[in-house]
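J.: As listed in Swiss-Prot for this protein:
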type	residues	note
ACT_SITE	68	active site, tele-phosphohistidine intermediate
ACT_SITE	185	active site, phosphocysteine intermediate
DOMAIN	4-149	domain 'PTS EIIA type-2'
DOMAIN	179-275	domain 'PTS EIIB type-2'
DOMAIN	310-687	domain 'PTS EIIC type-2'
MOD_RES	68	phosphohistidine
MOD_RES	185	phosphocysteine
């Protein structure tokens with residue numbers, strides 16, 4: 001059972017302490033757990049626990065809380081028990097907490113925390129246990145209470161629940177469950193199992209035959225079969241997160257509630273099943289399109305919180321786009337490297353004069369040419385599901401200039417029937433993806449809503465893909481005109497910023513952004529801006545060079561600091577710190593994330609200062625690069641446009657040398673800040689020790 005996780009050493013009576021809220025408790029608890037060698041870093045543990053609490057409270061009623069974490073900072077599995085005096089935990093029943101079980105499991109170990117929560121949930125659903133456990137005052141009292149009620153629980157386990165717990169299909173296909181259920185919460189831990197136990201206890205108390213599936217961090221357990229779904233009076237989905245609804249399509253009386261409601265009022269939930277207040281999910285049409293419309297929920301196909309979803313949709317589109325950028329960009333970089341002998345005389349044909357180089361450049365160009373359509377398609381997909389893919393991709397192709405309508409930017413003359421030679425680029429992709437999503441929602445909610453039932457089956461395979469995409473493309477064809485001018489303006493802006501007197505400022509901004517959150521939205525925005533500059537100018541740019549070189553600084557600074565002064569890091573961190581040489585040289589900024597998470601203040605300062613210096617030097621040296629990724633492996637594609645350096649070969653050679661200089665200087669500055677901070681900390685501790693001994 002779960003008792004081996006409990007120990008007298010980790011039982012704390014803190015009734016004399018006063019905590020204004022759960023955050024103040026967690027801070028002190030993490031400090032004690034670090035002293036007990038349960039965790040490595042109290043700040044990381046505190047962050048993990050606070051993030052879990054932000055999803056849904058772990059105050060489970062009966063004046064108990066089960067905060068938990070699975071983190072690399074946990075050294076060994078543990079359950080620490082804290083007896084406290086009425087801590088406000090924002091619990092499900094709005095009652096203050098008197099007893100706290102704080103659970104920690106290492107990142108790479110099993111699911112002991114799940115077993116504890118599952119077993120403890122069963123005990124908590126016994127009213128007498130729930131009433132007694134908050135009042136225990138000692139470790140032995142807790143163990144004795146658990147022992148007595150575990151024996152009771154085993155002795156009273158009903159046969160009907162054993163049958164319900166079987167995953168195989170019933171032998172008698174006419175035998176019905178009173179209800180079947182699925183439970184799932186954002187973390188897949190406490191509330192998932194609490195809801196399961198609450199529903200099963202309710203069934204036992206009322207002599208009902210049930211089966212409950214859990215979708216937790218250990219995967220799907222006790223999975224419902226098609227036979228189970230066909231032989232039940234109702235289906236309860238007690239879920240706080242999105243799950244795959246496909247297998248429930250065509251089944252009636254589906255009741256959707258939160259895990260909290262299932263835990264607190266299972267009677268009310270069951271009454272909904274009895275009164276047949278559940279709904280019919282989807283339909284059981286044989287059309288494959290109807291059967292595969294999973295995750296396109298009512299909320300998704302509506303304008304509810306649409307403005308809040310736009311930001312996440314754009315980031316989602318960027319994440320789908322990046323593999324095309326990296327693949328295409330690196331192949332183009334390889335083409336330039338193969339064709340390096342022709343760098344001095346190939347002119348605009350550089351990278352394609354050699355047949356093999358031309359093969360790589362053409363293939364890379366195919367991938368690179370898809371980044372705008374992919375971005376648009378997956379922005380629409382993130383907002384409305386797969387119905388947004390087709391119109392999103394089409395408007396993305398129009399944005400990329402793959403359709404009719406050519407504009408003379410200077411005169412403003414429009415030729416509607418000529419193949420386009422201009423594009424709206426990323427502006428068109430973002431606006432087009434949003435437009436496609438909006439029109440899909442309008443069609444689903446307001447136009448095709450009242451179609452006869454006989455036509456509903458072909459709505460999603462004919463009306464929306466055909467007519468909807470035609471309308472979207474026609475509207476965007478016209479709307480795209482101002483977006484083309486906007487993209488042209490960006491191109492001109494980038495050309496201005498590449499000038500010697502402004503390039504350092506551009507490098508400074510991009511350098512700071514690249515090193516701010518290391519793979520987060522600010523970092524991605526800076527990187528995408530660099531990619532946009534390549535797409536807009538069709539040549540190497542200062543923006544792209546600044547993004548790549550600055551993004552290499554954080555991991556390199558860490559590696560250099562570890563090499564010069566090992567004491568800057570814990571012994572177990574040193575291998576990862578040395579590995580940052582490879583990470584940094586490969587332009588993988590995320591290699592620095594574990595170190596930033598552990599020492600956020602000093603590491604962020606070192607990263608930002610190092611990145612800013614690198615960006616300024618990149619701009620001052622007028623460095624440009626044609627590849628969007630690759631780190632040191634694409635340095636041969638660097639050039640400098642400094643005055644006085646003429647000729648392609650000399651520009652490349654000087655560009656590589658100046659880039660190495662900028663990278664080395666900024667990385668050593670970053671490392672120096674880390675080392676300096678460590679020396680100050682050691683000096684401060686030494687001084688305190690001397691004063692104490694004195």
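Even glycines carry a Cβ here, placed using N, Cα and C.
What you are looking at is a predicted structure, and each value in this text was computed from that prediction instead of being measured.
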J.: In whole Å, how far does the CA atom of the residue listed as 'active site, tele-phosphohistidine intermediate' lie from that of the residue listed as 'active site, phosphocysteine intermediate'?
T.: 14
J.: Considering every residue in the domain 'PTS EIIC type-2' (310-687), what is the mean pLDDT value?
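T.: Averaging the confidence scores along the domain 'PTS EIIC type-2' (310-687) gives 86.
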J.: Taking the Cβ of the residue listed as 'active site, tele-phosphohistidine intermediate' as centre, how many other Cβ atoms lie within 10 Å?
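T.: The answer is 23 other Cβ atoms.
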J.: In which DSSP state, out of helix, strand and coil, do we find residue 185 (active site, phosphocysteine intermediate)?
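T.: DSSP assigns residue 185 (active site, phosphocysteine intermediate) to coil.
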J.: In the domain 'PTS EIIB type-2' (179-275), how many residues does DSSP call helix, how many strand, and how many coil?
T.: 39 helix, 26 strand, 32 coil
J.: Counting by DSSP secondary structure, give me helix, strand and coil numbers for the domain 'PTS EIIA type-2' (4-149).
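T.: With helix first, then strand, then coil, the domain 'PTS EIIA type-2' (4-149) has 63 helix, 39 strand, 44 coil.
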J.: I'd like the number of other C-beta atoms within 10 A of the C-beta of residue 185 (active site, phosphocysteine intermediate), please.
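T.: Within a 10 Å radius of the Cβ of residue 185 (active site, phosphocysteine intermediate) lie 25 other Cβ atoms.
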